[in-house]
Amino acid sequence: MTVPELVDALPKAELHVHLEGTLEPDDLRALAARNGVELPWADGGRLRAAYSFTGLEDFLALFYLGCTVVRTRRDVYDLTRTYLRRAAAQNVRRAEMFFSPQNFLDRIDIADQVAALDTAIAEARVDLGIDAAVIVVAQRHRDESEALELLEMLAPHRGSILGVGLGGPEVGNPPAKFARFFDAAHRAGYRRTAHAGEEGPPAYVREALDVCRVERVDHGYAATRDPDLVARLADDGVALTLCPLSNLRLRVVDDLRSYAVRRLTDEGVAVTVNSDDPPYFGGGVNDNYRALVRALDMDADEVVALARRSVTASFADPADVARTLADIDTIHRAVGTTGPDTSEERRR
């Protein structure tokens, strides 16, 4: 078994994926047609070309435009079900999905949004064998008062929501802006994550830890510029949900051959590999693993370690974590030591 084949075979968790960002061009066009939404592209080819953006602002404009085609409870259900089907095909056993109800509140009641998520997750658990949960993300370019209102709306649906997070344009919107939101979420018992240190500085990662008391940091790559912060992440056991292809496309890094995943691991930081927004950045979670395998010449042991960390960094039930780790170890023992990888994909 080659290392890329091992990537496909290994059970894993995905901890950094935005449901709204999983719309493939054909998905977006289908929802637009169903809901009578006029898109600014004359045909599918031009829409697919629009996915070849060059920076974060262009990406966010496309991302938020994509949100406009999601208009009903059925759309939220289809969006969730489709992602879970694609994730299960990549051997994702646990998905902790970001979802931003604020993007849809003007047209879909919060109760309908949550019901659609619940139904899709329950069906996928039975039909696909994938366990999933929702992390509601507050949009950081909005006022904190809106995030606090969102928490109030979610209160009747507390059992359906695993945690809260923070997303959207980072620069100029530091984590500390949402201190009260995270404090209220902590008191309500939500798990807590925040996007920090993607385009923002290492100080934003520190704020997420100190002010927001997050349990995981989403992206967090800026921490690599601060050795003391890296040591703190390692000492405190705070995982980073890295997204290599996203970081490459948005120019957080210039070349994955210099991607610091190995250095962070060697320094004791729990790093995980994720897709972020798969169709926008070049592929799903397995594509991100394979990109690192190619760029860094990673071996089987390193890939297995990444898969294990994705599971242990999740907020899943401990019994489910133990079962998935056992399955990973079974595959690892069966593979043994892999020989040279001569696959066509590896040669590219």
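Yeah, the Cβs are placed from backbone N, Cα and C, and that goes for glycine too.
Annotation source TrEMBL lists active site, proton donor at Glu198. Among the features that TrEMBL reports, Zn(2+) binding site is placed at His16, His18, His195, Asp276. Under the heading substrate binding site, TrEMBL lists Asp277. If you look up TrEMBL, you'll see 11-327 marked as domain 'Adenosine deaminase'. Annotation source TrEMBL lists site 'Important for catalytic activity' at His219.
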Asp276 (Zn(2+) binding site) versus Glu198 (active site, proton donor) - Cα distance in angstrom: 12
Which of His16, His18, His195, His219, the listed recorded positions, has fewest other Cβ atoms within 10 Å: His18
Taken over the domain 'Adenosine deaminase' (11-327), the model's mean pLDDT: 96
Residue from His16, His18, His195, His219 whose C-alpha is spatially nearest that of the residue listed as 'substrate binding site', among the recorded positions: His18
Per-residue Cβ crowding (10 Å cut-off), top of recorded positions Glu198, Asp276, Asp277: Asp276
His195 (Zn(2+) binding site) to His219 (site 'Important for catalytic activity') - Cα separation in whole Å: 6
Shell list (Zn(2+); ref centroid = CB of His16, His18, His195, Asp276; cutoff 8 A): Val17, Gly21, Phe98, Gly167, Asp218, His219, Thr241, Cys243, Ser246, Asn274, Asp277
Cα separation, His219 (site 'Important for catalytic activity') to His16 (Zn(2+) binding site) (Å, whole number): 9
Secondary structure of His219 (site 'Important for catalytic activity') (DSSP, helix/strand/coil): strand
Pairwise CA distance, His219 (site 'Important for catalytic activity') versus Asp276 (Zn(2+) binding site), rounded so that it is a whole Å: 9
